[in-house]
């Protein structure tokens, strides 16, 4: 009897000693692991902090949003500027060194040599089809011409906003505009656009679908036309297809890294007064027409004030933005 009790007590003692040893071993292992992990975290934290020279900014909403950054007070040292001008400008200036001269003048305003790019275009149509807005800031000089007010106004609406567009097959389908942002954009050497609104039975309202002469003309011999019709109503279209293309587009929002300077004209063309344009910061300006040298001098003198109403953007944009946005 006593032997059994001694054996039981001995087993308890052995179990207790064994359990104590196991717990001590586990404790040492855990301490080792914790110390190692803590050491690694401390080392990585030091390394990551040593390399963090950037500014943490929340990325929310549109990429056009203007954020204050470390270069804002350094005269845009890390930015690029594209200046677009009509081909008549270098012809009148007649100086092979004029771009170098302007680059040196921009340098006095804080824009390093090589950060300003000069881009020539021949006419409004060419520029609207292929603008190549690749710089952080893009400023377009447009010479006011009597009779081209509508083309200039619609060019401004086109390049001051982003558009997502798709081709239209007007020979097979009827089309309707679904809201204020939905427009039809027509481009070409001579665009005449006619429409025939349809009722629920696809019969013409005030027009005959089989006779384009009865259609309503909404654009006549224009290079660029942004067509706005009654929303939620099907329309049959007739367009001068040999000299013109038309696309179904949705306005996505302002392209805030673009500004337009109207050269000459008694009044500035204000697209913000257009009921189809959402209120926005004015990025259209006017300078008096004298000579092109005077125009460029004015731009250089006020370049930093002009850029302040714009928002820098890192994406490069070209004509694909208007048609097939990528």
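Heads up, the Cβ atoms here are built off N, Cα and C, so glycines get one too.
Since the structure is predicted, the reported quantities are computational estimates derived from the model, not experimental observations.
Annotated features, as they stand in Swiss-Prot:
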SIGNAL    1-50  signal peptide
CARBOHYD  69  N-linked glycosylation site
DISULFID  82-135  disulfide bond
BINDING   95, 206, 214, 216  Ca(2+) 1 binding site
DISULFID  165-249  disulfide bond
BINDING   177, 228, 229, 231, 301  Ca(2+) 2 binding site
DISULFID  191-244  disulfide bond
DISULFID  196-207  disulfide bond
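Structure with Swiss-Prot features highlighted.
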residue: 95; record: Ca(2+) 1 binding site; contacts (Cβ under 8 Å, 6+ apart): 101
residue: 177; record: Ca(2+) 2 binding site; contacts (Cβ under 8 Å, 6+ apart): 183, 184, 228, 229, 230, 231, 232
residue: 191; record: disulfide bond; contacts (Cβ under 8 Å, 6+ apart): 219, 221, 222, 223, 224, 225, 239, 240, 243, 244, 246
residue: 196; record: disulfide bond; contacts (Cβ under 8 Å, 6+ apart): 204, 205, 207, 208, 209, 212, 214, 215, 216, 235, 236, 237, 238
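The Cβ of residue 206 (Ca(2+) 1 binding site) lies under 8 Å from the Cβ of 197, 214, 216, each on the same chain and at least six residues away in sequence.
Following the DSSP three-state reduction, the secondary structure of residue 196 (disulfide bond) is strand. Among the recorded positions 165, 249, 301, the residue whose Cα lies closest in space to that of residue 135 (disulfide bond) is 301. Considering only the recorded positions 165, 249, 301, the residue whose Cα is spatially closest to the Cα of residue 82 (disulfide bond) is 301.
Using a 10 Å Cβ-Cβ cutoff, residue 214 (Ca(2+) 1 binding site) registers 13 neighbours. Secondary structure at residue 207 (disulfide bond), taken from DSSP and collapsed to helix, strand or coil, is coil. For residue 229 (Ca(2+) 2 binding site), the number of other Cβ atoms no farther than 10 Å from its own Cβ, over all displayed protein chains, is 18. According to DSSP, residue 214 (Ca(2+) 1 binding site) is assigned to a helical segment. Each residue contributes its Cα atom, and for residue 165 (disulfide bond) and residue 301 (Ca(2+) 2 binding site) these two points are 37 Å apart. DSSP assigns residue 228 (Ca(2+) 2 binding site) to coil, not to a helix or a strand.
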